[in-house]
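So the structure is just underneath, and the comments pick up after that.
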Amino acid sequence: MKIAFIGLGNMGGGMAANLVKAGHEVQAFDLSPDALAKAAENGCTTFTAVPDAVAGVDAVVTMLPNGGIVKAVYTADVIGKAPAGALFLDCSTIDLATAREVAELAVAAGYEMVDAPVSGGIAAANGGTLTFMVGGDDAAFEKAKAVLDPMAKAVIHAGEIGAGQVAKMCNNMLLAVHMIGTCEALALAEKAGLDPQKFYEISSKSTGYCWSLNDYTPAPGVGAASPADNDYAGGFASALMLKDLRLAMAGAGTAGAAVPLGEHATKIYEQFVEAGNGGKDFGAIFTTL
Ligand code: NAD
């Protein structure tokens, strides 16, 4: 297939390279000349304008920072410029309202579109082991799956358009809450006189088990290897977790859902990021306790 890829940053760069490896012809665009140069090294054909990159393609994949940018790129330079009937896949994490609005505009203009946000970080993007949660109708999902498979460990049909973003915001709100809870429990164990490693051994096999404790233990030198063992460098930045929590809070507002722990987690990450810790892995909340 001929696929346009727009947004070749930390995530998109590796994803586009995996499409090339799978034998697709990838037409790449990014505002950053460095990102474009790297994409060229990885076998993409590069363009300096979006309408040129989407000319003649079967599908357009976007991996961009936020909903405002996604909407601007699609409305100004993709809708009406890509060939009629092309499939659009937005893999960015964005707000639900924008995801639905852009898809409606695309469908009204004769295209198919899915929202397909991902779980997994830069290593999974490079390794082709992302989990995609896809919103769109059955026909669009089947076509999207063929595009996403080379970048994926799993491609899951979440439901109608927007359902992928709903899954993503709910998953990451849950992740934030259990990460903070894990940090609190580890700190409490230690302060109350229990070796945190012993606590890990017990709770990871008891009803307290969860991904944050079992697989990504946020206390240095305890339990599973994680960025905590490297002064919280790398991993999933607290600023990105805050972005996802804010999207979840906006989504909860629109849906009229009560999310008291989600709200509290958002405040905790807000304070942490405002104190200058946005680049630290999200498990670094442990250091505040
Ligand atoms: P990034 O900032 O590294 O990359 C974004 C890229 O988009 C940059 O190269 C930037 O130059 C480009 N860009 C910005 N505006 C553009 C425009 N108008 N036209 C073309 N290119 C433009 O961000 P990232 O970490 O790759 O994240 C991308 C998306 O993936 C975000 O929505 C993020 O929330 C989501 N995500 C990130 C991670 C992660 O661990 N980094 C994990 C899951 C999901």
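Heads up, the Cβ atoms here are built off N, Cα and C, so glycines get one too.
Per TrEMBL, the feature domain '6-phosphogluconate dehydrogenase NADP-binding' maps to 2-159. Over the domain '6-phosphogluconate dehydrogenase NADP-binding' (2-159), the average per-residue pLDDT in this prediction is 97.
Under the heading domain '3-hydroxyisobutyrate dehydrogenase-like NAD-binding', TrEMBL lists 162-286.
The feature active site is assigned by TrEMBL to LYS168. Its own atom aside, the Cβ of LYS168 (active site) has 29 Cβ atoms within 10 angstroms in the protein chains shown.
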### Query
What are the helix, strand and coil residue counts for the domain '3-hydroxyisobutyrate dehydrogenase-like NAD-binding' (162-286) according to DSSP?
86 helix, 2 strand, 37 coil
